[in-house]
Amino acid sequence: MIALLLGFIGQYLFVRQTFGLSVPIFVALCYGLFFYSVKGRLGGFDRWKGQSKTGWLLFGPIAALAVSYALFANELFRSLNFLGLMLLMVAQSMLLTRGGSQPWHRFGFYGDLLKQWLLIPLTHIGVPFGILAGWFRIEKGSGRLSGKLGKILLGLVIAAPLLIVVVALLASADGIFRSWIENVPNLFEVESVGDWLVRIFIGGCISFYLFCFVWGLLFRKTKSDDEGLEAAFPREPHGSTAEKSGTGAHVDSTIAATVLVCVNFVYVFFVAIQFSYLFGAAEGLLPAGTAYAEYARRGFAELVAIAMINMGILLLGLHFVKKESGLLDRFRQVLLTVLMSCTLVMLISAYSRLSLYEEAYGFTQQRLLVHGFMILLGIMMMAAIVRIWYGRYSLAKVNIALAVVAYVIMNYANLDARIAENNAERYERNGRMDWAYMSTLSADAAPALLKLQERHPELKEVRDILAELRLEAKDRKGWQSWNLSHRRAEKLESHG
C-alpha cells in the first residue's frame, strides 16, 4: 500500500513538471518506504545482518544531490545527478542490508549493484500478483459471493492496463471519441485524457518498481514468488487434456469474463460513434464545422492495431480460459462474439477511412497492401466467430491457410496496374497526380499509363514514364529474362 501511495505521489510530483523541490521530497519518501520495510512489516527480513557505517555516510552526497535540484539550474549536472542519485541510493540500500556479495571497494560490488538495480526487481514480478491474489483468495468455508467478488475485482485490476492501451489507440484514431473521453478527466481536474493515461501509467510503474526493488532487497527469490501468477492463472491438473495440448496455465473464467466486459464496453461505445458519425455522415450527423473526409481518413493505422490486439485477446479467450459448463461458458462465447463483431466494424471503418485517404493523397503499393491485409483480417474475424461457437477445428490452421492464399492472390492482383488505373481515374476527377511516385512503378503499369496518354496526349510526364519503361524493357536481353509485362511495355513503342 505504501508503494501504491508513493506511485500516486510520484505522478503528482513529476508528470508535466520539471525537477525541482519535488526531487528531495520524493527521495525522502522513498527512504520512508525503505526503513518502514526493514522493520519486518512486509512479513520478515531474512537477510538483515547488521548495518554498514559506509552506507550511513552516503546520506551526505545523496542529500546534497537531491537538494541541488531545488537550488541550481545547470542542465548538465541536473542530468548527471539523476543517474548519480539512483546509483548512490541503490548502493546505500545494499550496504545497509549487506546485500552485496563483495565489499564496496571491490569491482564485483558494482556488478551486484547493476543487478540489484535493473534485474532483481524483474525476478520478483510475481510477488505483487501473489499479494493481490491473496486478498481475493477464497478460503474454505467462505461464501460464494465473496469469492466471485474477489475474482471480479482481480479482473478489473488486470483490465486496467489493457484499457489504457485500447482507449489511447481509439482516442488517437477518432477525434469524436477522443472528445467524449476527454470529458471524463475533467471530473478529476486533469488536463486531458492523454495526461490522465500518462499519470496512471507512470504512477503504476513507480509503485511496481519500488515494491519489487525493496522486496528484492529483503528476500531471496523462491518458488513462492510465482504463486501470484499461479493464483490468477492456475494450471490444469497433471495429465489433463489442456496439459497434453500444451496449454497448462488457464485464466479463471470469472476473471476473464470481467476483462472482456470492460473491453467490450469501450468497444461498443466506440462502434456506436462509428455508426452515428462515420456511416451516418451523409445524413448530416457530423458536428458543425467537421469535414467528413478530414475526419474519416484519420486513424486507420490505429484501428488495424486494435484489430491485431483483439485477435490476441481472442486466442487467449479460446485457449487459456478455464472451460466452465452451463451459463458461464455461454457468456464467455457471447463476449468473444461481441469482441469480434466490434472488431469487424472497426475494420470496415478503417477500410473506408483508408479509401478516403487514398482519394485525398493518391494510391500507393503500401496502401493497397494495407487494404488487402484488412480484408484478410476481416475474413479471419468471421472464421473466428464460427470457431467460438463450433470449436471443432483449429483456428491456427485456418488462419495460416488464409494467409497463404491471400499472399498468392496479392501476387496476382497486379498491384502496379491497379495503382496506375486508380490514380488515372483520380486524375480525371480532380486533376491531381503524384508523378514522382508514378515514375517508380514497374512495367505492369504500362497499359494503364498508355490509356491515360491516349486520353491526355498533352501530358509530358506520361510520355517520359512510358519511354523509361520501354528502355528498361529493351535492356532485358536473352530468352532467360523474358517477362510478359516487359514484353508488353516494349510493344508500346508503336503507340508513342
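Cβ coordinates are placed from backbone N, Cα and C, and glycine is handled just like the others.
What TrEMBL lists as transmembrane segment is 12-36 (among others).
TrEMBL lists 56-73 (among others) with the feature transmembrane segment.
Among the features that TrEMBL reports, transmembrane segment is placed at 80-97 (among others).
Look at TrEMBL and you will find 117-138 (among others) tagged as transmembrane segment.
Among the features that TrEMBL reports, transmembrane segment is placed at 150-176 (among others).
The feature transmembrane segment is assigned by TrEMBL to 196-219 (among others).
Annotation source TrEMBL lists transmembrane segment at 254-279 (among others).
Residues 165-166, 169-170, 172-174, 233, 247, 249-251, 253, 256, 260, 263, 332, 335-336, 339-340, 342-343, 346-347, 349-351, 353-354, 357, 370, 373-374, 377, 380-381, 384, 387-388, 391, 395 of the same chain lie 6+ residues outside the transmembrane segment (299-321) yet bring a C-beta within less than 8 angstroms of a C-beta in it. According to TrEMBL, the transmembrane segment annotation covers 299-321 (among others).
Residues 257, 260-261, 263-264, 267-268, 270-271, 274-275, 278, 293, 296-300, 303-304, 306-307, 310-311, 313-314, 317-318, 367, 370-371, 374-375, 377-378, 381-382, 384-385, 388-389 of the same chain lie 6 or more positions beyond the ends of the transmembrane segment (333-356) yet place their CB under 8 Å from a CB of it. The transmembrane segment feature in TrEMBL is assigned to 333-356 (among others).
The transmembrane segment annotation in TrEMBL covers 368-386 (among others).
Same-chain residues lying 6+ beyond the ends of the transmembrane segment (254-279) with a Cβ under 8 Å from its Cβ atoms: 148, 151-152, 154-156, 158-159, 162-163, 166-167, 170, 174, 176-177, 180, 232, 285-286, 295-296, 313, 316-317, 321, 328, 331-332, 335-336, 338-339, 342-343, 345-346, 349, 352-353.
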